[in-house]
Structures are given as structure tokens and as C-alpha cells.
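Novice: Sharing a structure here in C-alpha cells format.
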Amino acid sequence: MSKRARVLIIAGCLVVAAFFLFFRLGKGDPVTDEVELAFRSIGYMDFLATPFQTTPLEWFSDAPWWTRLTFHDHPPVIFALGYAVFQMFGDSLLALRSVFAILGLASLWLVYQISKKVLGESVSLIALAIASVNTYLTWIGRIGLQEELVIFFTLLSIWFLIKAEQNRLYFIFWGAGLGLGLLSKYTAGLILPISILYLWYFNRAGLKQKYFYIAIGLTILMFSPVLIYNIEMYRTVGHFDLQVSSFLGQDVSAHWQSLPGKEIGSLGERLASFYPNLWQNDRPLALGLVPSLLILFYLYARGRLEKGEKFIFWTIVLYHLLIVVIGPSQRFLVMLAPWAVIAIAYVLYLIFKKRVRVFAALAVVFLVYQGAYNFQTNLAYGEGSSWLGSTLHNESAAYGYNELEKYLRELLDTKKPSVKLELLSQHRFIESVRDSDFRKIKNNPGAATLIIYDPRVDQVAKLWLYDRRYYYDGWPFVSADEFLQVQQVAPQYFSDLGISDLYYIATTPETFAGGYMPQSGAEEFEQNTFVNQRIKAEKEIPDRAGQIVFRIYHFGL
């Protein structure tokens, strides 16, 4: 193949990948775990605004020094990255997702570079073509979760090992990549055994290089704040951070009553759900990976695999072992995707060498199916059949919360609250957060506004839309039930504070609440205060399907 043809194929694949990564990037509502990470990133503050998962900042009247080293449930890189993005571009999820999409595109380039080294140019081009339309790699590149960082730093670290064959100083970069991976998520620890595998097959002398061990020392140094944090937490409260304590089965009930995502089932259940979960999340990938693994295993047993194929095979085995241990959730299975893509590409290349026409037919069908499945899952608004879209579609659904966010930006973010409600005693540290003015509102004109809301909403969306403005800015947000309780005890309370302008955000039967439906008097409040008085909503907010999901009422005391 000519150099020009190769460049055109690579460029074409990256353009297609960029389309899938960036098109409609802002369409997904703030209802996923990225919000819980982004909320804390705004002020680099370890606080989740929930009584079910408190943090060390709430445990102590004067938080010890070590509580600033990292976060109670995740290492700090994801929060530091989010903080930097929000300081530069404002607290926009679109801005955050754009950075992850860039990392996703860079990860595809690294897939090409690694597969080129270990399996050759032809396999690398096939792998890049598959990766450019892969549903899983697109999904994780369009959402602000740590797994994209883990994938990126894993691939980057292996690429540094490749470069270290010519220049030993790249071992230092490898150590930095491993350190940043571990500071993104603990599952990045798999970089070390994968790296040893690579060195064993391609640069065995590297295992004896002093630079390799200097690099490991650098990794330990970079990770030391997390180690110190865990040591001090154990000395102070008797358990490690949320991830480590959960893995070790420590009793954390004094601080964390709810640990969503930690109910991983028995070993048998995890094994049994591995491929069904992969099938639900990325059907084309599962269809390609299963026969590819069987073929690789057969060739391995017959002694017909070279070192490159063995490296890919054992890397996939390592990911299977890791995911079985931590649970085959959609976020963990995605870490397997880059290596699955390379394995599928290798098997397609074997077919290409023997049956060019069969290869061409299979490649076209597989790529077109992947592209259609990817578009329906990540880019389309409506849901398709299970054969043309996965359960990942729900991660980027449009329920109307983005439209409500747009309304609140126009209503509040060009002003600042002239009245603030008193904080709970365990939340006094929030005062310094507000003084820091992370959302840059201190020079805005003041407004004596109270926002009342129906609590029957998705609780993650509530964190981003309501709690973010309450805790960082001081805007007085209260639920309808809290407002009614205050009115019964002290009818003049809010007017005495100087509040004269009130908004009520009502839900409808079509509002997506994420399965959370608390008992609330909000419906009765809306009926008595507005409907019976024939007061019409100032604004109605629809979801993408046109159903009214929020009504905004504007009134005075």
C-alpha cells in the first residue's frame, strides 16, 4: 500500500471518529455519574450534598490536613481536570465532554500505533477503522467519566514503552503515565502487568533497565498523596477510602449508608453476566470478540501465534480477570474495548490473507452495522430496536433537563443572590467555597429571589441544576415540602429575609425522575397555589419528544 493511500485511510477514519465523538455532544441530559464528578470539580471540593454518602469535610468541625490530598471515593485527576476546564470555560458539561472527546480521538490514534507495532500495518488500519465507529469507544469519549482517562493513560503508557526501545528516557514517561492512570482510577493499576507482558515479549532487556525501576519509583511518588490519605483515614476513622474499604469489605456504615454500584454479586453471578452485559452494551463488539477470542485460543493451543498476538491475547485475559473481580458493569467493560477491537482486526486480517472477497464482505457488513448501531446508541434522539442500539442510549437521553438548565442560566447566572439561607452546621466549610466565587458571579447585580422546586426529579440532575447553584452561589433553593413547613411555622420568614420574588419549578407526569419518587406535597401545593387560583405557568419546558416536563410559575409573597 502506498504512503498516500495509508494517510488517506487514517485521515478518513479519524474524521469519521471525530463525527461520532463530537456531533450532538451536548444532547445528553445531566443524569449520569459524570455530574457527581463535575459538581465536585467546580471548586475541587470533596462534597456530594447527600446524607447517604458524606465526606471527611463533613465529619470534622475542622477538617484535618490530609482530607485535602485526594477525594473519599476517587483519586484526584478527574477532579483536577474538571476544575481546570471549568475555570477556563465556565461550568459547562459540554466543555468537559469536549475534552474527553479529544482524549477519545487520541486514544484511537494510540490504538493504531500500538497495533501497528505488535501486529503490523495492515492490522492497525483495520483496527483503526473498527475503532472509529465502535459504539463503546464513542460512548466513553462523549461522557466525563474516569474510564476514558484510564483507557487513554493505559494506551499512552504502552506507547511510551514502544518508544523506550529506542530511547530509554521514555521509561520515565511510562512511569508518569502509570502514575496519572492510577491517580485517575485504581483500575489503571492493570497498566503494570500489561507493561510487563509487553516488555517480556518485545523488550525483555527493559526489565533490567534502571530507568524502568526509576519510573516505578516516580509512579509511587506521584501516587503517594493517595497512600498518605488512606493511612491517615484509617488511623482517624478506622477504615480506608470508599473504593479500598469496599474492596476489603470493611464496615463503613458510620459514614456511608448507600454505596451504589458496589453490589457486584457473587463470583458466579459476575461470570454469568459478563458477556450478557457486553451484549447489551455493544452488540457488534460482542459478536466480533467472541469468535475472535476462540480463534486466538485455538491458534495459541496449536502454537501458531507470534509474540504480538500472544501479547494481545494475554492482555484481554487480564482484563477479563480484572472485570470479573470488580464486576462487569458497563463502565468497567468499556476498558476491554480497545483490545477487543485489535483482536477482531487481527482475525479479519487472517481472513484477508486467505479470502480477500470474504474479508471485504465481512469488513463492510461489520463496519456498516457498527456505524448504524453507534449512531442509534450515541447520536440519535429516539430509541431503536435492541439490534440497532444499546442500553447505553439512556446515558445520553434528552429528558428536558438541559432545557431547564438553559432557563436557569438565563434567570440566575447573570445575577447573584442578595439573600442566602443558613447552612447546616456540618456544611460551614461551604461558606469559604462561596467566598471563592468559583462560578464568577460576585460582580453581578443582586436579586432577592427564592426558587421552590418539586422534589420528584432525577436526583443527579438536581445536584447539577439546583444544588450546584445553592452550594456554590448561595441561591436559596427549597423543595415545595420545605417551603410549606416553613410557611406553617413562620409565615413571614421568607419576607422578613427580604425575599420578594419567587419561582416554582413544577414537574409533570412525564418528568423523568430516574426511579426516585419521594413522598411529596408538591402536587397539592401547585394545585392550591396556582391551578385553583387560575394562575398560568410563566414558561413550559418540553423534552425532546415535545412533552411538557416542567412548568415555571413566577409569583410574589
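Using the three backbone atoms N, Cα and C, a Cβ is placed for every residue, glycine included.
TrEMBL does not curate its annotations; it predicts them automatically.
According to TrEMBL, the protein carries these features:
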- 73-229: domain 'Glycosyltransferase RgtA/B/C/D-like' (DOMAIN)
- 93-112: transmembrane segment (TRANSMEM)
- 118-137: transmembrane segment (TRANSMEM)
- 149-165: transmembrane segment (TRANSMEM)
- 171-199: transmembrane segment (TRANSMEM)
- 211-231: transmembrane segment (TRANSMEM)
- 308-326: transmembrane segment (TRANSMEM)
- 332-351: transmembrane segment (TRANSMEM)
- 358-375: transmembrane segment (TRANSMEM)
Novice: Counting CB pairs under 8 Å, which listed stretch among 149-165, 171-199, 211-231, 308-326 touches the transmembrane segment (332-351) the most?
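Specialist: By the under-8 Å Cβ criterion, the transmembrane segment (332-351) pairs most with 308-326.
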Novice: Looking at the transmembrane segment (118-137) and the transmembrane segment (358-375), are there 3+ C-beta pairs under 8 A, with each pair at least 6 apart in sequence?
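Specialist: Stretch pair touches.
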Novice: What else in the chain is close to the transmembrane segment (93-112), if you only count residues 6 or more beyond its ends and a Cβ gap under 8 Å?
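Specialist: Result: 10, 13-14, 17-18, 21-22, 25-26, 30, 34-35, 38, 41, 81-82, 85-86, 124-125, 127-128, 131-132, 137-138, 140-145, 148-149, 151-152, 155-156, 158-159, 338, 341-342, 464.
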Novice: Who are the long-range neighbours of the transmembrane segment (358-375) in its own chain, taking Cβ under 8 Å and residues 6 or more past its ends?
Specialist: 16, 20, 126, 129-130, 133-135, 138, 282-285, 288, 344, 348-349, 351-352, 387-390
